[in-house]
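S.K.: My questions all concern the structure below.
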């Protein structure tokens, strides 16, 4: 039996493509590429990164351990990765007009955890928006670490219009005296009055944290109000509207607080940072500093308004009556359709969305009465108002078909709409 020499094996290790070494995984990746190319991505938390971001994240920096911070590493050989992290930090500070940035958190959830570790002790009271009202798991939801380790108090939205209930927030803050107040969420589509929340935080002696994961790109472009002048600390993901790699980041104008946060991220919560991801963050932040990024964010927000208006014209309700950002929460009850059924039917028509509870939702969390939609990914590939009017009509057509179906069989409508979706996507190709 002929055996390859060790040198030949080493050469293959460094040069053989994935399709040759692991065809099953290569096929799965190819399938996902096809889904992204041939479908309309409407999940509000997803976007499409540039070739440059992909290149940085897939670079040799994945091989390098770099515990610590630039100039203060616990490993040698960090000169190049120090440059990458320093670029990411400098660009983040310029982008958001802040004095401090930590770009090492692996995710938005870990960025939030690092802030908790820096500012809180187990059992402290925190006040955040409830998940049912549009908040995030990490803001005190019962199943999450934030709801288990802390005395989590939750504020919500007003029943009459779905907007943030500032009076409830202020009342709970005065009654419960939280150590930390959190603003921001995962399914809240309106501007937030950060100055008003900071005022009550100061009144009760609380830290004020804003999780701007969803609207960070809009903040960077000056389209959504910036929380940076008002919050003690701001967290974000680096994907979503910011259009970078999946990761997290923490910002502040308080340098003393920044020292606590640095210690909380490393060595408190994480070990080695993901230097290939940090390099990709630097690329994305550089892209966001260019004039075309502001134009993209402006288009993203305008497209969201057009999509919401088209859905209303089609007989659907939008929670809060519209949107100030990239996302909207669609109430499906006028069509007598569940979020679970809508998500599945839309996906069969090559449109990806996610079922989502609406405020005061009577349906179970696994079923829901709504879907959440967003415009970041389709705007990235070039969709404008005309295309989003088409998308809105496609969605209404699928939901009307689902509503009219007694047995849930919407195959004919899904096929007809799916063909139109494929035709539209072919006009706006990605990763050719």
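The backbone N, Cα and C atoms fix where each Cβ goes, glycine too.
Below, the features straight out of Swiss-Prot:
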type    : residues           : note
BINDING : 131, 135, 136, 137 : (6S)-5,6,7,8-tetrahydrofolate binding site
SITE    : 239                : site 'Plays an important role in substrate specificity'
MOD_RES : 240                : N6-(pyridoxal phosphate)lysine
S.K.: Would you count the other CB atoms within 10 A of the CB of residue 135 ((6S)-5,6,7,8-tetrahydrofolate binding site), including those on all shown protein chains?
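M.R.: Taking all protein chains shown, residue 135 ((6S)-5,6,7,8-tetrahydrofolate binding site) has 25 Cβ neighbours within 10 Å.
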S.K.: Given the recorded positions 136, 240, which one's Cβ is surrounded by the fewest other Cβ atoms within 10 Å?
M.R.: 136
S.K.: So, in DSSP terms, is the residue listed as 'N6-(pyridoxal phosphate)lysine' helix, strand, or coil?
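M.R.: Once the DSSP labels are grouped into three classes, the residue listed as 'N6-(pyridoxal phosphate)lysine' ends up as helix.
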S.K.: List the residues in the vicinity of the (6S)-5,6,7,8-tetrahydrofolate site, defined as same-chain residues other than 131, 135, 136, 137 with C-beta within 8 angstroms of the site's C-beta centre.
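M.R.: Neighbours found: 128, 129, 130, 138, 139, 140, 141, 144, 185, 186.
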S.K.: Fewest other C-beta atoms within 10 angstroms of its own C-beta: which of the binding-site residues 131, 137 fits that?
M.R.: 137
S.K.: Looking at Cβ-Cβ distances, which residues of the chain lie under 8 angstroms from residue 239 (site 'Plays an important role in substrate specificity') while being 6 or more apart from it?
M.R.: 45, 46, 47, 49, 245, 246, 247
S.K.: Distance between residue 135 ((6S)-5,6,7,8-tetrahydrofolate binding site) and residue 240 (N6-(pyridoxal phosphate)lysine) at the Cα atoms, whole Å?
M.R.: 16
